[in-house]
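These come from TrEMBL:
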- 283-292: compositional bias 'Polar residues' (COMPBIAS)
- 387-396: compositional bias 'Basic and acidic residues' (COMPBIAS)
- 400-417: compositional bias 'Basic residues' (COMPBIAS)
- 418-433: compositional bias 'Basic and acidic residues' (COMPBIAS)
- 452-465: compositional bias 'Acidic residues' (COMPBIAS)
- 26-358: domain 'Brix' (DOMAIN)
- 283-305: region 'Disordered' (REGION)
- 387-465: region 'Disordered' (REGION)
Amino acid sequence: MAKRRTKKRTHVQQTEEDLKGIPKSMVIRVGQTSLSNHSLNQLVKDFRQIMQPHTAIKLKERKSNKLKDFVVMCGPLGVSHLFIFTQSEKTGNVSLKIARTPQGPTITFQVTDYSLGRDIKKYLRRPKSLNKEDVLDPPLLVLNGFNTIKKKDDESNAAKENAEKVVVSMFQNIFPPLNPARTQLNTIKRVFMINKDQETGEITMRHYFIDIKDVDISKNLNRLYKSKHNLSKSVPNLHRKEDISSLILDHDLNAYTSESEVDDDAIVRVVDKKDIRGKNINMVQKKQSSPENNDEDGDINMDGNAIEENHDEEESIVKKVVVEDDTPVVPRKKAIRLTELGPRLTLKLVKIEEGICSGKVLHHEFVEKSSAEVRILEKRHAAKMKLKEERKKEQEANIAKKKAVKEAKKQRKLERRKARELEQENEDGENKQSVESSDESDSDSSDHYSDVPEDLDSDLYSDVE
C-alpha cells in the first residue's frame, strides 16, 4: 500500500527546539498487585487517552519491569512526566504518583474514587467516542479552586501554600502552553478540568469533549449544510413539504441544532474568520470594479514607470479600503455543549518528596514533625546518602577488578591459542616433509626397473604347437 502524502508547503513544521519544549509523558503501572488488577489496567488506558497526543499510548508493562527501567528510558525518549499507578498489597488502596524527570519532585495522591470511561458511557444518553482527529492536539487545561496567593497574616499555613504552588505548577506543565496569537480555536476539542474542594481538600478530574453548534439556524438547514460538505450525510425528507421555503421557514419543528434545550449560559457570540475574510474580498472587488478607478487607469500613459506607479497606488488603495471600512461583522450565536468522556478521578494529596519516588519528604499532609525531628531525619538521610556513595564506589572498584581478571583470562586464552596454532603449523610442516621423502623413494624404485621390457611375461604361458 502506498504511503499517504503529507502536506509540507501549507503546514508549518515544528523545529527541534519546539519539539524539545513540548512535555511528554508515560502512564504506567508498577507492582505485582496493580498488574493483576483489570479495572486499574483500564483506568491506565483511559488516562492515556487524556494525555494524548504526547504520550506512550501503546506502552505495555511486564511483571519483570521495575520503576528504574522506565526512569532510565525517560532521557533518550524525552519524557518529562511520569504518571505511576500503584496498588497496596495490604490495604488495596490505589495511589497516583506524578513525577517530574529527571530530578523530581514527586507528588503522591491517594485515589479515593474513580470511574472508567465505559462506565460513564453507560449512563449518558448520547455518549461520545474519540476519533483520530480529536486527539491530534492536547486538551485545554482548566484549574479551579487552587489558591496560589500567599497570605501575609497567616504564617502557619505557609507550608500548605507552598505545597499547593508545587501541585499547581506540576499540573500546569503536563501540557504544552497555549499561545493565544497562534492557537486556532477549532483545534481545541477537549477539556481537562481539575477542581479542588476548599473544604475537604479533594481534587477531582474530569475529561470532556467540546461540541459547538449553531443556534441561529434550524436543524433542517444545518442538515443541508452538512450534506453539502459531506456527501455521505442524508438530505432532509421533503415529501411532506410543499416547497423548499416551508422547510427553511418552519422554525417550530426541530428549531435548534441541539437535541435538547439550549441554556442561555451555553450560548456564545462568535465572529468567524471566514466572515471577515469574505468581507475583505468583497470590498476589494467592489473597489476594483468602481468607475472612478477605471477612469484613472485610462488616463495613465503606457510608460513602464507610470504602470509601476499605478500598481503601487492600487495596492495602497486596496489596503486603505480594507482598513478604513469599519462596518461591524455580525457575530453568530453558537451553543457549546460538553460531553463527558471519562475517566473520573477523585484524589487526595498525601506527600511531596524530592527526586523520583526516593528522596527527602518536603511536605506530608497527615504527618507533622518538629524542627528537631526534621534535623534528625536530615542527618539520617545524609548518612544514608554517604553510605550509598561508598557502596557505589565499592561496587565500581569490584566491577573494575572483575573486568581486569576477565581481560587477563582472555589474554591467557589468546596466548594458548596462538601456541597451539604454532604447534599445529610445525606438525603440518613435518608431515609435509615426510610425504615428500616417500614420494622421492617411490620415484627411485620406478627408475630401477625401467629397463625391463613390458612383454617379459607374454611368452611364459604361450601354447606349444
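Glycine residues also receive a Cβ, built from the backbone N, Cα and C atoms like all the rest.
Sequence-distant contacts of the compositional bias 'Basic and acidic residues' (418-433), counting only residues of its own chain at least 6 positions beyond either end whose CB sits under 8 Å from a CB of the stretch, are absent.
Note on the compositional bias 'Basic and acidic residues' (418-433): DSSP counts are 16 helix, 0 strand, 0 coil. For the compositional bias 'Basic residues' (400-417), residue counts in helix, strand and coil come to 18 helix, 0 strand, 0 coil, using DSSP.
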